[in-house]
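Peer 1: Dumping the structure here so I can ask a few things about it.
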Amino acid sequence: MKALILVGGYGTRLRPLTLTQPKPLVEFANKPMMLHQMEALAAVGVDTVVLAVSYRAEQLEAEMTVHADRLGVKLIFSLEEEPLGTAGPLALARKHLEDDDPFFVLNSDVICDFPFKQMVEFHKQHGKEGTIAVTKVEEPSKYGVVVFKEDGKIDDFVEKPQEYVGNKINAGLYIFNSAILDRIPLKPTSIEKEIFPQMATSGNLYAYVLPGFWMDVGQPKDFLKGMSLFLNHVQTTRTGALATGSNIHGTATIRGSVLVDPSATVGENCVIGPDVVIGPRVQIEGGVRIQHSTILSDSTVGNYSWVSGSIIGRECHIGSWVRMENVCVLGDDVVVKDEVYLNEASVLPHKVIAVNVPSKDIIM
């Protein structure tokens, strides 16, 4: 089988993390976000992945080719000269997708359990042109709702309904037969607004209800929530602790779901967790408290600092007695001096912060 991943554009909602790398390469639970998808695709026999790319294509190719070779997956890069929406990239990559097999299409910023095997079985069972994965949400009035019958046949799409019509939304994971390519022109086209309604009207589109967790990692708060859902899922489905290794000091306390890369070090009397990811070669010095946060690769957190609900980019240095909270996001190579307080601060890469940021601000 083949798959096409819609890589998208600049990832502006996840800045400053995406100012130095494309969004699919941002580390999520110590792997590039896209690698979670590629590993799940390879596990169900996908041998060719087409990446519909536009922003920092060379950087994406350099890193993902290494992972694809390890997985035994052929990567094809389909470069958009101009934005083509969510359907146009399929037309652009048509020559790579035209065969008898159904193929996957994924939004690159979706994190879930990726039940691709079950999706394929469901798609073959109903025998129609397309399958959309849908997921349950608590506040359907904020989204476009998918209305479908008990057997999955989609009747309608209702955008931000004022009255209750259902609580399932498009989860950004699809399976299509190659016949869909005849519906899509090579121009900017929305698959959700222009192609799916056509398919539903002709009875060719079905909904597969995702089990388990799901998150569209759009903004930093979504990143952190998705990380929590992911860690709790892994904790309940995997035997053994997530945070293990000789580099965690014996006096350190691990609380709840915590993922520590084996190459990272955690100092004495630290309290780590819940919902924390510590990346490769990260150094956490003594007495540090971290919760609901992720520390990306090659960063350092100094003695007795407090980090809560925050994302620290790659190669950052956090001084001693620093306090960061309320969705602080540091780009790569940021230095925070000792005893600085950051509250809901977004700091662009390569900055040095020596004064407090007591309220929401962007440090350029």
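From the backbone N, Cα and C atoms, a Cβ is placed for every residue, glycine too.
Pasting the relevant annotations from Swiss-Prot:
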ACT_SITE  LYS160  active site
BINDING   ASP109, ASP216  GDP-alpha-D-mannose binding site
BINDING   ASP109, ASP216  Mg(2+) binding site
REGION    2-220  region 'Substrate-binding domain'
REGION    243-364  region 'Hexapeptide repeat domain'
Peer 1: Which of ASP109, ASP216 (the binding-site residues) has the most other Cβ atoms within 10 Å?
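Peer 2: Output for this query is ASP109.
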Peer 1: Rounded to the nearest Å, what's the C-alpha distance separating LYS160 (active site) and ASP109 (GDP-alpha-D-mannose binding site)? Just drop the number here, would you?
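Peer 2: It is 21 Å, counting Cα to Cα.
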Peer 1: Just to confirm my parser: what is the rounded mean pLDDT across the region 'Substrate-binding domain' (2-220)?
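Peer 2: On average, pLDDT over the region 'Substrate-binding domain' (2-220) sits at 87.
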Peer 1: I want to verify one value. Collapsing DSSP to three states, which class is ASP216 (GDP-alpha-D-mannose binding site)?
Peer 2: strand
Peer 1: Using DSSP with the three-state reduction, classify ASP109 (GDP-alpha-D-mannose binding site) as helix, strand or coil.
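Peer 2: The residue in question, ASP109 (GDP-alpha-D-mannose binding site), is coil (DSSP, three-state).
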